[in-house]
Amino acid sequence: MLKIADTTFHSRLFTGTGKFANANLMTQAIAASGSQLVTMAMKRIDLQSGNDAILAPLQKLGVKLLPNTSGAKTAEEALFAARLAREALATNWIKLEIHPDVKYLLPDPIETLKGAEMLVKDGFVVLPYCSADPVLCKRLEEVGCAAVMPLGAPIGSNQGLLTRDFLQIIIEQAQVPVVIDAGIGAPSHALEALELGADAVLVNTAIAVARNPVKMAQAFRIAIEAGELSYQAGRASPKQHAVASSPLTDFLRVL
């Protein structure tokens, strides 16, 4: 099980809500994934309606909602979005996203750290999307973030763990959960992240744009379970030379 702040999760697969063809397909895929934490952008929610097309189906699923500040370009804008989410959804959990670069959607490290400090002081449980920078992740941990969410690759790129070496350092140093966010494009990428020692992964695009999102969600669920088991089992270390599985030593001694 995974504990973040005051909440325990059985699933280490977190999911997003963007890019699905329709709300029904979204809820089917999320249910198939087994995910218990689902993120959504406040900018996409119709707060004036009592039956929002995204929010209402998620509430029926019974998952924990993690509103995010996607669209914010500064720490101040992120704080405004977070307060809006807290008021509208009655949650103090927030995924901090500040990425002013519209082409690559890379997080702004300076504004992210600043925003994290502001949000923590305002009573939020903060999960920041950030670069795979070990120093930044440690600083985010020190200011009180409940977890860190370093990227594997740019958002929606499906390139996997391009930042693998840095992720390994982050995982080794972290005293809070590490959730790999962005770039996870295949179940094998999620499995690799869990084998590396990550506490969880967040997947959206790879499931939402798959030919069959429900089956892809199931595949990710299985991959996450396999990755966790592999990490717990302790995989054999790679070697540069062959090591016989059945040595001839004892056999030759008998001869």
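Cβ coordinates are placed from backbone N, Cα and C, and glycine is handled just like the others.
Per Swiss-Prot, the features are:
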- Lys95: active site, schiff-base intermediate with DXP (ACT_SITE)
- Gly156, Ala182, Gly183, Asn204, Thr205: 1-deoxy-D-xylulose 5-phosphate binding site (BINDING)
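A map of Swiss-Prot features onto the structure.
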| residue | record | contacts (Cβ under 8 Å, 6+ apart) |
| --- | --- | --- |
| Lys95 | active site, schiff-base intermediate with DXP | Thr39, Leu66, Pro67, Asn68, Thr69, Leu127, Pro128, Tyr129, Met149 |
| Gly156 | 1-deoxy-D-xylulose 5-phosphate binding site | Leu105, Ala182, Asn204, Thr205 |
| Gly183 | 1-deoxy-D-xylulose 5-phosphate binding site | Leu151, Gly152, Ala153, Pro154, Ile155, Ser157, Asn158, Gln159, Gly160, Leu161, Leu162, His189 |
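Under DSSP, Thr205 (1-deoxy-D-xylulose 5-phosphate binding site) is assigned to a helix (H, G or I) in the three-state scheme. Once Cβ contacts within 10 Å are tallied over all protein chains shown, the binding-site residues Asn204, Thr205 are led by Asn204. Annotation note: Ala182 (1-deoxy-D-xylulose 5-phosphate binding site) sits in a coil segment as assigned by DSSP. Residues Gly156, Ala182, Gly183, Asn204, Thr205 make up the record's 1-deoxy-D-xylulose 5-phosphate site, and a Cβ search at 8 Å around their centroid adds Gly16, Ala153, Pro154, Ile155, Ser157, Asn158, Asp181, Ile184, Gly185, Val203, Ala206 from the same chain. Counted within 10 Å of its Cβ, the other Cβ atoms near Ala182 (1-deoxy-D-xylulose 5-phosphate binding site) come to 28, all protein chains included.
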